[in-house]
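Have a look at the structure below before the remarks.
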Ligand code: FNR
């Protein structure tokens, strides 16, 4: 099967993954309105292309908090990569390193932080934290991530409880017995993995700052009010995210929320986005509306399901090629030339 675009990987993954795994990856909360709108929202935005602008030499590199990446796409944190391929997060780490992009490793990885770090030494990795009721476990993970050389701490803020994903309930989804949440071994039984602390507040950012020197990036912000609070509490980055529509159903598409967050932040911290990125032109639209970089969740899992590390590299390469082409066709040869002048945008 010739893999031409990201939906080809989706078709492959749906065909070959066990149904319970496919359903878990695909799930949105409730009836999936927000999950679907993340994708549809890009189709409502049109470009304002410029022509005759010498696009013979293209530069798609950018920087995240000072670190250079080869193009403005990274791997969003998703759990349980061994469900997609045998080497799990180790494959993800190697693919991200080969493509020189940022990989955000999830608390709910099926490889340990040591394994992830050792699989791709000296690569660009952030650690995504869910704060658990047992704060000692979270503290240890944060400090371990810093000691291992992870370069950023991503606090996921939109999961005080897990959203209602109907197919997972119907399937009685749980990890197979031969897989485990390696970062939580000994601390929790798998059946208690959702022992998250729903009492977390903005004040806990100060607690995190007391544990680590890593920059803190807050993931799951959708409003100008929370964007302002994130900046005031010392976050160095914001990921506009609705968790791929897996948490609150009925919230905005992330590309629609991006605009108010970018306006509120006024360049004080870097703003990133995830949710619904399926084409290079989606990446360009998000950058035009103010994101510095975007992250992919499900498409990375489809790539892993297709051919492990190599499959994820294919996904990233296709996205990069499409992004470069979209830039050229709108008259940009460098990411610094991307701006709101490139899109016609009205929230419908
Ligand atoms: C996620 N997401 C997620 N987020 C997070 O902060 N920690 C996690 O462990 C997970 N786990 C997870 C598993 C699966 C199967 C999915 C699909 C998603 C959310 C993820 O980081 C991201 O916000 C969305 O996946 C982005 O949307 P797209 O790219 O999947 O449309």
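Backbone N, Cα and C define each Cβ position, glycine as well.
The model shown is predicted, which means the values in this text are computed figures rather than measured ones.
Taken straight from TrEMBL:
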DOMAIN    1-348  domain 'FMN hydroxy acid dehydrogenase'
BINDING   77-79, 106, 128, 130, 156, 219, 241, 274-278, 297-298  FMN binding site
BINDING   165, 243, 246  glyoxylate binding site
ACT_SITE  243  active site, proton acceptor
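The two recorded residues, residue 275 (FMN binding site) and residue 243 (glyoxylate binding site), have Cα atoms 7 Å apart. If you take the Cα of residue 156 (FMN binding site) and the Cα of residue 243 (glyoxylate binding site), they are about 9 angstrom apart, rounded to a whole number. All protein chains shown were included, and the count of other CB atoms within 10 Å of the CB of residue 297 (FMN binding site) stands at 21. Regional average pLDDT for the domain 'FMN hydroxy acid dehydrogenase' (1-348) in the model is 96. Among the binding-site residues 77, 79, 165, 243, residues whose Cβ is positioned under 6 Å from ligand 1 are identified as 77, 79, 243.
Pairwise Cα distances among 165, 243, 246, the recorded glyoxylate-binding residues, top out at 12 Å. Between the alpha carbons (Cα) of residue 297 (FMN binding site) and residue 246 (glyoxylate binding site) lies a span of roughly 12 Å. Ranking the binding-site residues 77, 79, 275 by other CB atoms within 10 A of the CB puts 79 at the bottom.
Taking 165, 243, 246 as the binding-site residues under consideration, the smallest Cα distance to residue 277 (FMN binding site) is found for 243.
Cβ proximity to the glyoxylate site centre (mean Cβ of 165, 243, 246, cutoff 8 Å) flags the following additional same-chain residues: 27, 28, 29, 35, 162, 163, 244, 245, 247.
Taking the C-alpha atom of residue 243 (glyoxylate binding site) as reference, the shortest distance to any of the binding-site residues 77, 79, 128 belongs to 77.
Residue 79 (FMN binding site) is 15 Å away from residue 165 (glyoxylate binding site) when you measure Cα to Cα.
Around residue 246 (glyoxylate binding site), the C-beta neighbours below 8 angstroms that are at least 6 residues distant in the chain are 27, 28, 29, 35, 163, 165. With all protein chains in the displayed structure included, the most crowded Cβ environment within 10 Å among the binding-site residues 128, 156, 241 is that of 241. Reduced to three states, the DSSP call for residue 243 (glyoxylate binding site) is helix.
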